[in-house]
Amino acid sequence: MFPSAWLHGDPRKVLHATDSYGQFCGQDGTPNAKKPILFYFNILKCANPSVLINLQCPTTQMCVSKCPDRFATYTDMQLQNALGSSYWNYYRQFCKPGFNNPNKPVSQVLRDEDCPSMIIPSRPFLQRCLPDFIPLNGTLTVANHTRFRDALDAPRSVAELRQAANGITGLVDAKEWGMKIVEDYAKSWQWILIGLLIAAAVSLTFILLLRFTAGLLLWVTILAVMLLVAYGTHWYYCYPCLFYTQCDTPFIYGNYSLYNACILLKVINEGICLSFHCSPLHRATGHIMSSLFYPLITFLLLALFISYWAVTAVANPPPAPMQTFNRKSNWSAAARASCEGSRCTFALYGGETPYHRYLFLLQLFNLLACLWLLNFSLALEQCTLAGAFASYYWARRRPRDVPPCPLFSSFSRAVRYHTGSLAFGSLILSVVQLARILLEYLDEKLRGANNVVARFIVCCLKCCFWCLERFIRYMNRNAYIMVAIYGTNFCTSAREAFFLLMRNVVRVAVLDRVTDFLLFLGKLLIAGGVGVLAFFVFDRKLTIFVEVPDLNFYWVPIVTVFLGSYLIAHGFFSVYAMCVDTLFLCFCEDLERNDGSAERPFFMSPGLHQLLGKSSPSR
């Protein structure tokens with residue numbers, strides 16, 4: 001939210017605003033300890049809301065204890081000060097500290113920016129004083145005023161304030177929404193946790209049931225998904241009719257029924273294949289049950305690396321100390337005469353040291369290191385699971401010949417012998433991902449430009465790098481499998497995996513389509529089922545023993561539970577997907593190394609051999 005804090009490396013900037021001298025507002029132990037709000041001398045210069053967030057508004061900024069609650073100009077204050085000092089005492093709290101000369105000419109005050117030319121009714125938002133806009137009879141006002149005059153007696157309108165603060169009201173609404181969402185999370189986090197635990201239990205049960213009732217569970221999944229799709233489509237199409245007594249949309253329902261019929265035919269076709277496809281695979285996960293819990297280790301590693309990157313990106317080493325520059329004592333008379341009215345204002349923390357000059361490059365390197373660590377954690381998981389499932393496949397007599405603790409043994413081999421291969425493959429993928437991030441950044445910078453050619457080139461590069469990332473990710477996955485099986489280096493494993501897949505390209509296409517469809521059905525069923533359950537609970541359509549808290553937006557916990565359930569199911573099913581890919585490469589290797597004779601029997605099971613269209617192996 002505050003990119004300057006990320007770039008300049010001071011985490012306090014995320015929590016506190018800074019004035020024109022670089023001092024934090026509301027920071028304990030400083031002169032601004034009791035002044036937590038930032039006040040802008042001329043809010044009209046802050047035309048872009050991003051300027052406010054980045055603390056680069058070209059006007060003097062002072063820390064104050066409260067925002068002004070009235071219209072006033074410096075000229076009005078001077079006139080009223082003759083009647084009493086209370087007017088000046090109120091106005092001076094928005095001036096520079098130490099300034100106490102209410103009789104100073106207005107032109108000199110504005111030149112030296114000792115005080116604001118005017119103050120307007122404001123309210124604090126994000127620790128900043130912003131105009132207090134109030135709609136009155138359809139007209140936007142500030143303190144019931146639509147027009148006012150500044151210190152130079154120039155006419156001003158609330159429309160100018162609104163234009164200067166364009167987008168700020170959206171930020172206000174976003175803050176209110178954010179506060180309500182945080183409040184909803186605070187009230188419902190226990191319920192969300194229960195929903196996620198249910199999703200984890202259902203995911204684990206689903207994987208376990210595949211070992212015993214693969215075919216039956218498949219058809220139950222298909223029918224359940226069909227019911228969820230039908231229920232969701234019903235609410236989608238009937239939503240405009242919810243406020244009427246009858247939903248008369250025959251044409252829509254006709255198309256909807258035809259659409260569901262097409263889906264049903266596709267599902268049945270896929271289900272016939274999947275009911276046979278599951279059997280040779282669920283036995284491997286059933287014999288290596290510990291593999292289902294390995295994603296927890298990966299999750300902890302990912303959380304650790306992301307946290308380390310975030311802390312490193314924000315909390316850099318402290319910047320060089322600031323030096324006070326005294327204009328009167330250090331400038332010559334000629335310099336003061338040629339730069340009359342000039343002043344020194346705070347720009348940013350840092351200096352001209354090599355550290356500050358190359359800070360952006362250091363942050364990019366930090367981001368690359370984070371991506372590298374994340375991809376390495378995923379690579380370690382894939383290599384470990386591949387080694388465990390490969391040891392199951394190449395066992396002649398299962399499960400007796402399967403080595404004890406296959407997952408731990410595979411993990412030990414991956415850490416001891418294959419770290420370099422995993423790191424190299426992860427680095428290649430990380431560099432491509434960093435290039436995509438830079439292209440996104442460049443595309444964002446070019447959005448306001450009119451250079452159509454440049455934007456077209458960037459768009460083409462984004463598409464190419466997206467395809468390249470997908471290809472590298474797929475090849476890395478298969479290369480790690482070959483590394484786990486043969487122990488060869490990354491380049492050799494990637495080359496062998498590529499040519500092996502090309503020699504079985506038809507099987508690869510069929511296997512990917514069928515496997516992806518099965519796993520998608522399972523994830524959709526679990527996430528949709530738990531999401532529907534959460535909907536009934538929070539909408540009070542399901543009676544439970546404990547009272548459900550009142551929420552501002554009941555969709556907040558429902559969406560959270562749905563997305564969290566999908567991610568949890570994805571974590572469990574990723575083990576199953578790795579099992580499929582590993583056994584498939586082992587199957588292709590088995591076909592090329594053996595012929596099914598008594599001298600060279602296949603390692604594959606008869607069911608797997610029959611499924612993929614070969615004659616029955618002689619075993």
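For all residues, glycine too, the Cβ spot is worked out from N, Cα and C.
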Check your understanding: Of 257-279, 418-440, which range does TrEMBL call transmembrane segment?
Key -> 257-279
**Study point:** Outside the transmembrane segment (364-394), six or more residues from its ends: residues with CB under 8 Å to it
**Key:** 284, 287-288, 291, 294-295, 297-298, 301-302, 305-306, 308-309, 312-313, 402-403, 406-407, 409-411, 413-415, 418, 422-423, 425-427, 429-431, 433-434, 437, 476-477, 480-481, 483-485, 575, 578-579, 581-583, 586-587, 590, 603-604
**Study point:** Stretch of maximal Cβ-Cβ contact with the transmembrane segment (291-311) [cut-off: under 8 Å; candidates 189-209, 480-502, 517-539, 551-578]
**Key:** 551-578
